[in-house]
Amino acid sequence: FVFLHGLDAEEDLVGSLASMSTNERIKAIQKMPETMKKKREIRNKVLQEITKKSRHRGAQHSCCAQCLQGAAVSFRRFGNSLSEHFHQLRVWHKTLKIIGAEFGTSVLSYFVFLTWLLNFNIFSFLINFSFITIPQFLAAEPNNLSFTGLELFTGAGYFQKTVLYYGFYTNATISKIENGPSYNMQLAYFFTVGIYFLICFLILLFSMAKFFSRNFINPQAFSVHASKLLCTWDFNITNEKAVRLKQKNLHTQIKEDLTEVNKEVLNFSVMERLLRVGIHLLAWLASLGTAVGACTGVYFLSINNLELFMKGHRNDLESQTAMLVLPVIVSLLNTLIPFFFSWLGHLERFQTPGQHIYVTIARNIILKMSIVGILCYYWLNIVAASKSQCWETLVGQDIYRLVVVDFIFCLLGSFFGEFLRRIIGTTVCVSLGLPEFDIGRNVLDLIYAQTLTWIGILFSPLLPGIQMIAFFIVFFVKKVSLMRNCQPPCKVWRTAQMMTSFILLLFCPSFLGVLSVIGVTVWRLKPSEECGPFRGLPSMFDAVAEWIQILEGYTASKWVVWIYQNLITSELFFFILSSLVLIVTYLYWQIIQGRKTMTELLRKQINN
């Protein structure tokens with residue numbers, strides 16, 4: 001009787017499980033206090049019961065349903081295989097794990113930022129190449145200039161008559177078939193660049209929000225770190241190399257957490273505090289004075305650079321070599337002065353490595369953005385007002401040379417700053433030891449290079465492709481230099497907020513400054529009369545105004561005209577929009593403050 005009762009209970013259990021959905025059935029079986037063998041038996045009986053019921057009801061799949069199911073399975077398999085292939089294409093995935101295990105999250109944050117910028121430039125290149133360059137190939141004229149090889153460094157000569165620069169693009173409507181579809185190059189150029197910057201704005205905004213929520217609002221900061229010892233290990237790892245790498249990574253993370261917990265607060269006397277404040281003030285005066293001197297030199301050198309252009313475009317070696325003077329001097333300043341800033345930081349003796357890095361980054365950002373500001377003033381106020389036939393191409397060539405020479409100096413910086421420093425520290429002066437990876441200097445090199453790329457997109461649409469190749473090479477050069485020449489940081493520390501800080505610096509002042517430069521160029525400067533898609537117009541934006549005038553004659557396009565007249569060109573609309581954004585921002589700020597208060601209360605309850 002007991003046996004029969006047990007069979008009835010098991011049948012009822014199987015019947016109830018068979019009536020559940022797949023997810024509910026899996027969870028119910030997992031929660032059963034039975035052995036794995038017993039759970040498998042129950043699962044197999046449930047599957048048999050489901051099959052029996054489906055046959056009993058005669059619910060055979062139709063041919064169409066079977067085809068759809070087969071197609072869905074094939075599509076899912078294709079998606080999984082495609083995902084695996086894309087994962088294999090990320091050649092830096094394993095490298096990032098090794099760097100994080102060997103050198104900690106502080107150095108890892110630089111390489112994560114570099115890969116983020118690399119993906120960003122791939123996206124930029126694809127957009128510009130698809131909507132600007134490919135249509136221009138259909139209307140391109142043959143290039144009669146000879147290629148000498150020096151153009152790879154100067155960007156002049158043969159490249160001047162290619163799709164690399166603004167001046168080569170036509171202002172005509174491209175149509176290969178008579179009475180067929182046409183492609184307005186003016187509108188394509190304007191809207192591609194405009195929509196690209198809008199997408200960049202949104203990507204940067206959402207990236208800052210994502211990294212902020214991941215790092216600043218960090219649940220681990222309010223939990224006990226014992227969970228890292230007891231619950232972190234992944235028992236699916238069986239490969240010996242993967243096990244050692246995971247051990248190193250876990251070891252580094254625990255050291256970082258312990259450093260954060262055991263942070264010492266040094267108490268200084270009044271005289272020691274005054275002395276430290278005096279040293280900081282002197283260091284800031286020295287760094288600001290150096291930046292002002294560098295900007296002054298760049299300004300006067302840029303004036304001489306324009307005079308060289310105005311003498312005529314000779315293709316001889318002397319003329320093309322002279323074009324490299326300005327980018328070489330600028331890159332030399334951007335390479336040597338940050339070493340001076342790092343030396344000042346060591347003299348100041350900050351309490352934590354984080355303070356040293358953030359102060360160094362602040363000084364470098366002042367230097368590099370000031371130099372970029374001087375160059376933008378030179379391009380928009382002096383070059384644009386010159387008597388050149390195509391001033392946009394001159395600006396594009398200048399930016400191309402700056403990008404290429406900065407890339408070369410970045411590689412030289414790895415050689416002289418890390419390789420030779422290792423040789424000196426291990427043979428000549430052993431007390432120096434191996435160098436540490438300078439995060440602040442290297443990060444600002446990336447932000448400076450990306451700023452140049454953004455400014456140059458309007459004048460050289462394919463510049464993101466060049467920067468993409470440069471960042472790819474820099475990643476592996478820096479990786480090899482780091483592994484061979486550098487030692488892990490002497491003071492291990494956790495850098496949860498670093499990636500957020502890097503994106504913030506990229507957004508402001510870099511991206512916002514670029515938007516102001518592009519805005520002045522598009523709305524206020526007169527394009528060249530003899531080159532480019534906007535030739536003959538009072539400003540680049542007038543191409544849109546002329547297009548709107550054409551649309552006024554079409555009844556189906558009245559809504560576009562209404563949006564342009566009542567929204568885009570309306571100051572009232574942007575005032576209302578800005579007010580709404582400020583109100584929403586204030587509300588979110590209050591919500592965050594309330595959540596912080598609640599978090600503190602919950603934290604106190606947990607401690608109690």
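Residue numbering: from 1, along the chain as shown.
Glycine residues also receive a Cβ, built from the backbone N, Cα and C atoms like all the rest.
Since we're looking at a predicted model, the values are computed, not measured.
Record features (TrEMBL):
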DOMAIN    390-496  domain 'TMC'
TRANSMEM  107-134  transmembrane segment
TRANSMEM  187-206  transmembrane segment
TRANSMEM  281-302  transmembrane segment
TRANSMEM  322-344  transmembrane segment
TRANSMEM  365-384  transmembrane segment
TRANSMEM  399-416  transmembrane segment
TRANSMEM  452-477  transmembrane segment
TRANSMEM  498-523  transmembrane segment
TRANSMEM  572-589  transmembrane segment
Looking only at residues six or more beyond either end of the transmembrane segment (281-302), which have a C-beta under 8 A from one in the stretch?
325-326, 329-330, 333, 337, 340-341, 344-345, 347-348, 363, 366-367, 370-371, 373-375, 377-378, 382
Do at least three CB pairs under 8 A connect the transmembrane segment (452-477) and the transmembrane segment (498-523), leaving out pairs fewer than 6 apart in sequence?
yes
For the transmembrane segment (452-477) against the transmembrane segment (187-206), do we get 3 or more Cβ-Cβ pairs below 8 Å once near-sequence pairs (under 6 apart) are dropped?
yes
Result, the transmembrane segment (107-134) in contact with the transmembrane segment (187-206) (3+ CB pairs under 8 Å):
yes
Which residues of the same chain, at least 6 past either end of the transmembrane segment (322-344), have a Cβ under 8 Å from a Cβ in it?
153-154, 156, 283, 286-287, 290-291, 294, 297-298, 301-302, 305, 308, 360, 363-364, 367-368, 371, 375, 397-398, 401-402, 404-406, 408-409, 412-413, 417, 438, 440-441, 444-445, 448
Mean pLDDT for the domain 'TMC' (390-496), as a whole number?
86
Other than its close neighbours in sequence, what residues sit by the transmembrane segment (572-589), given a CB gap under 8 Å and a spacing of at least six beyond its ends?
566
Within the domain 'TMC' (390-496), how many residues are helix, strand or coil going by DSSP?
79 helix, 2 strand, 26 coil
